[in-house]
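Enquirer: If you scroll down you'll find the structure; I have some questions about it.
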Amino acid sequence: MTDNFADLRRQWDDLAEQVRHHRDAYYNHTPEISDAEFDQLFRQLQQLEQEHPELAVPESPTLRVGAPVEQSSFDNVEHLERMLSLDNVFDAAELDDWLQRTPSATYLTELKIDGLSIDLVYRSGRLERAATRGDGRVGEDVTANAKVIEDIPHRLQHSDAYPVPELVEIRGEVFIAVEDFALVNEQRQKEGGKPFANPRNAAAGSLRQKDTEAVRKRRLKMICHGIGASEGFEADTQFDAYKALEAWGLPVSPYTKRVHSAQEVQERVTYWAQHRHDATHEMDGLVIKIDSFAEQRALGSTARAPRWAIAYKYPPEEVTTKLLDIQVGVGRTGRVTPFAVMDPVFVAGSTVEMATLHNQTEVKRKGVLIGDTVVIRKAGEVIPEVLGPVVEKRDGSEREFIFPTLCPACGTRLAPQKEDDADWRCPNSQSCPAQLSSRLTYLAGRGAFDIEALGEKGAEDLIASGVLIDEAQLFNLTEDDLKRTKVYTTKAGALNATGEKLLANLESAKHTDLWRVLVALSIRHVGPTAARALAVRYRSLEALRAADVEDIANTEGVGAIIAQSFAQWFDVPWHRNIVEVWADAGVTMADSEADIPDQVLEGLTIVVTGSLVDFSRDSAKEAIVSRGGKASGSVSKKTSYVVVGENAGSKETKARDLGLRILNEDEFKQLLANGTV
């Protein structure tokens, strides 16, 4: 029994970590797998929790909405009312099951726009604030950028039929229309930028631009799909609310339709499956809502989604095209990945000409030959996937792909990292230009140093011109260094505006949080979550390096694999040199005492269960860990306190049975402030 539970727990941990990783990647606009593959992982985790409820913990990703808000130049703001997600169904039988569980006289069907969620607050008819979804409770303040989107009025229009309320919080989706997407990419390439992979990435990246003039040029649009908090507004149905939004001058979807039976709902699903490219924007499903607000209130919500709405997700689209060649790319960690070069083909809202093939084992398994007609699919992900060949279309001219033995970027002999590893890597990690370029763009990202002027082309130019041989000298770059490049100089050879911006960015990046420095080092498995935990516990890189592997592994949220990876990274001399040179250049390697809360919870184990008003699961955990406490997912005799929110469930019952101290949210805040209640 115990061994079986341990196996199940390991299975849950693995699935949960994959879901967390890929969800964070999606919301940070760097997806690594398709939407369909993510949905499959998510459902496997849900099913495991349903079959074994003892595995579920409050911080499970199945209970989360969105992703944590990363620290950035945008201020964090709390939504007046939580922005929930939607549960999904994937076939007619699942939808019919939902319809039987939630019968209603009237449903509203609307397209699921593949864009970026936004929350608008109007007070006395004036736009007061605009924010991204974030984790559903806290988002980023993007008011300045929202004000340059033509679809978002600065002031609501007067309406006799629907008087403008004193306060109204409006939910919508920001997107780029399909026909505008090509124009945006064309302009971006003229300016020397890399084209966006799809309209969603373009919209998400644009809304988080620091330059409002750049946002204005991106042709962003918005459609409203709901109302959050309000004062002085009443409506009986969702449909009436949409009429009010329209009367106030806000855009609503022209594709929304009221239907009055389960059969009509299924008919709408079938219709849009056949006409998904008729919409002016990308869509990946149909949302079905109960129209009556009274019925919505009666059904309520789970921790992550309303019970009165569901999203029907369409399967990935599949098309055929010609496989012209198979080439390989080298990533940040040296992994060599084959990819397909194809005749351009339009699929799922954009034209694609490259698709992933993962590794040489996958190429053989799929049986594709250069020259084949191949089936590809794409469901909103950055790079589509080759499914396999259309064998009956072969004419004998096709040829087998031979995986290279040498790195295409530096000529080093390739090898698997370990025996039987499907992935082959270039071991020349320090000097391989492809790996260095990827590391430079990674450390320049928003989740690390946030060096806006260091993009892919800039990184490649710094390497090709001989200015950088590895990342160690990055913070020692001078104006004379940049004058040796093309990206950062004028035709006359003087430093251009981008070059000046890079020097300013680098100076600013020296004074950043320790966790961002840890992420920037490209240590395998060390992402923002682990980096934050290590920074909170050790406070300085010196203290972290002095700790042994076992001690690091005992850090909440870290574990043995990350600890071992950290130790192995510092075993490499040129890795240590990076840290030393950065420190000499003035990069902060420790968090100041002022940034670190008093360790008032040291030695305490705290369990948080149920939904809190002012804390998400992650922010409650971070509040505990940052004060020296241990945030646990299970209740035991060793638990010091159990913090109980709404819908707490079995953990509260167990805590009472064990006679543990139970705190409400106000008492939890007191505990965080003083260490006692």
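Backbone N, Cα and C define each Cβ position, glycine as well.
Okay, these came from Swiss-Prot:
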type	residues	note
BINDING	ASP35, ALA36, GLU37, PHE38, ASP39, SER85, LEU86, GLU110, ARG133, GLU173, LYS289, LYS313	NAD(+) binding site
ACT_SITE	LYS112	active site, N6-AMP-lysine intermediate
REGION	189-210	region 'Disordered'
BINDING	CYS407, CYS410, CYS426, CYS432	Zn(2+) binding site
DOMAIN	596-677	domain 'BRCT'
Enquirer: For a quick check of packing: other C-beta atoms within 10 Å of the C-beta of LYS289 (NAD(+) binding site), how many?
Expert: 24
Enquirer: Here are some recorded positions: LYS112, ARG133. Which one has the most Cβ atoms within 10 Å of its Cβ?
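Expert: Compared across LYS112, ARG133, the most Cβ atoms within 10 Å surround ARG133.
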Enquirer: Who sits close to LEU86 (NAD(+) binding site): which same-chain residues at least 6 apart have their Cβ under 8 Å from its Cβ?
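Expert: Once residues fewer than 6 apart are set aside, LEU86 (NAD(+) binding site) is near LYS112, VAL287, ALA305, PRO306, ALA309, ILE310, ALA311.
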Enquirer: What does DSSP assign LYS112 (active site, N6-AMP-lysine intermediate), in three states?
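Expert: Going by the DSSP assignment, LYS112 (active site, N6-AMP-lysine intermediate) falls within a strand, counted as strand.
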Enquirer: Compute the centroid of the Cβ atoms of CYS407, CYS410, CYS426, CYS432, then list the same-chain residues not in that set whose Cβ lies within 8 Å of it, in sequence order, for the Zn(2+) site.
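Expert: These residues sit around the Zn(2+) site: VAL330, GLY334, PRO408, ALA409, GLY411, THR412, LEU414, PRO427, ASN428, SER431, PRO433, ALA434, GLN435.
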Enquirer: Can you see whether DSSP assigns ASP39 (NAD(+) binding site) to helix, strand or coil?
Expert: helix
Enquirer: Would you report the average pLDDT that the model assigns to the domain 'BRCT' (596-677)?
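Expert: Mean pLDDT for the domain 'BRCT' (596-677): 85.
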Enquirer: CYS432 (Zn(2+) binding site) has how many other Cβ neighbours within 10 Å of its own Cβ?
Expert: 23
Enquirer: Quick one: pull the CA-CA distance for CYS432 (Zn(2+) binding site) versus ASP39 (NAD(+) binding site), whole Å only.
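Expert: Just about 36 Å between their Cα atoms.
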Enquirer: Including all protein chains shown, what's the count of other C-beta atoms within 10 A of the C-beta of ASP39 (NAD(+) binding site)?
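Expert: Step by step: centre on the Cβ of ASP39 (NAD(+) binding site), count other Cβ atoms within 10 Å, giving 14.
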Enquirer: Between CYS407, CYS410, CYS426, which of the binding-site residues has its C-beta surrounded by the fewest other C-beta atoms within 10 Å?
Expert: CYS410
Enquirer: CA-CA, which of the binding-site residues ASP39, ARG133, LYS289 lies nearest CYS426 (Zn(2+) binding site)?
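Expert: Nearest by Cα distance to CYS426 (Zn(2+) binding site): ASP39.
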Enquirer: Out of ASP39, ARG133, LYS289, point to the one nearest CYS410 (Zn(2+) binding site) in space (Cα versus Cα); all of them are binding-site residues in the record.
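Expert: It is ASP39, whose Cα lies nearest.
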Enquirer: Rounded to the nearest Å, what's the C-alpha distance separating ARG133 (NAD(+) binding site) and CYS407 (Zn(2+) binding site)? Just drop the number here, would you?
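Expert: Computed Cα spacing between ARG133 (NAD(+) binding site) and CYS407 (Zn(2+) binding site) is 42 Å.
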